[in-house]
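Taken verbatim from Swiss-Prot:
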| type | residues | note |
| --- | --- | --- |
| BINDING | Thr41, Asn106, Ser183 | substrate binding site |
| SITE | Tyr99 | site 'Important for catalytic activity' |
Amino acid sequence: MPLPSVTPLHVDAFTFPPAVESPASHKRLFLGGAGKFVIVTVIGVYLEAMALPSISAKWKGKNAKELTESVPFFRQLVTGEFEKLARVTMKKRLTGIQYSEKVVENCEEIMKASGKYTRSEAKAIDQFLMVFKNQDFPPGSSIIFAICPKGSLTIAFSKEERVPKTGKAVIKNKLLGEAVLESMIGKNGVSPATRKSLAERLSKLMNKKDPYNEANVNVATKN
């Protein structure tokens, strides 16, 4: 299936390209939206091509405001049977411990609220913290999370603009992968700007007659 034709998105001084190759599956994913988390990071969310027909069945015809305010819409993005990739690029320096402990705090809250937090999730959290233990993220460096529908979370690091071809670690826990993404774009996610960008971009794509024609999409942002 071809990727929908989308433009790059510009957030502050950072540019997210229209498509990237996942380090988990090596599939090409399209840029669904991008925004920032206050002054700390900028976030780009990429989706597998099949995401568009998958969400269109229920959400085609909705405008950006309706999607932005819809908890079920973002739950479908988080839990849908298609690959998702989130690229988190640093605006200020953070250590791996600083970053991972805050992410874990948010993810544990999400998983416990769902009533599905078990020993498997606790073990996955420990693995997640270990991956970040000795890392340092200067401004411009990125963390890539590839969430595969079969239940794995691939984590990769990059000091450059490109997404690495392979991940540093793979954690096989479906709930953790979903919680990481939900902590960014869910109802109480850290980046309302990314949530809004996804809603605007996907609404335009779903409501176009031919989302694969590059003339149909011309959306940029300076969130």
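Cβ from N, Cα, C; glycine included.
Apart from the site residues Thr41, Asn106, Ser183, the chain places the Cβ of Phe37, Lys102, Val103, Val180, Met184, Gly189, Val190, Ser191 no farther than 8 Å from the centroid of the site's Cβ atoms, the recorded substrate location. Fewest other C-beta atoms within 10 Å: among the binding-site residues Thr41, Asn106, Ser183, that description fits Asn106. Between Asn106 (substrate binding site) and Tyr99 (site 'Important for catalytic activity'), the C-alpha separation comes to 11 Å. A gap of 10 Å separates the Cα atoms of Thr41 (substrate binding site) and Tyr99 (site 'Important for catalytic activity').
A gap of 13 Å separates the Cα atoms of Ser183 (substrate binding site) and Tyr99 (site 'Important for catalytic activity').
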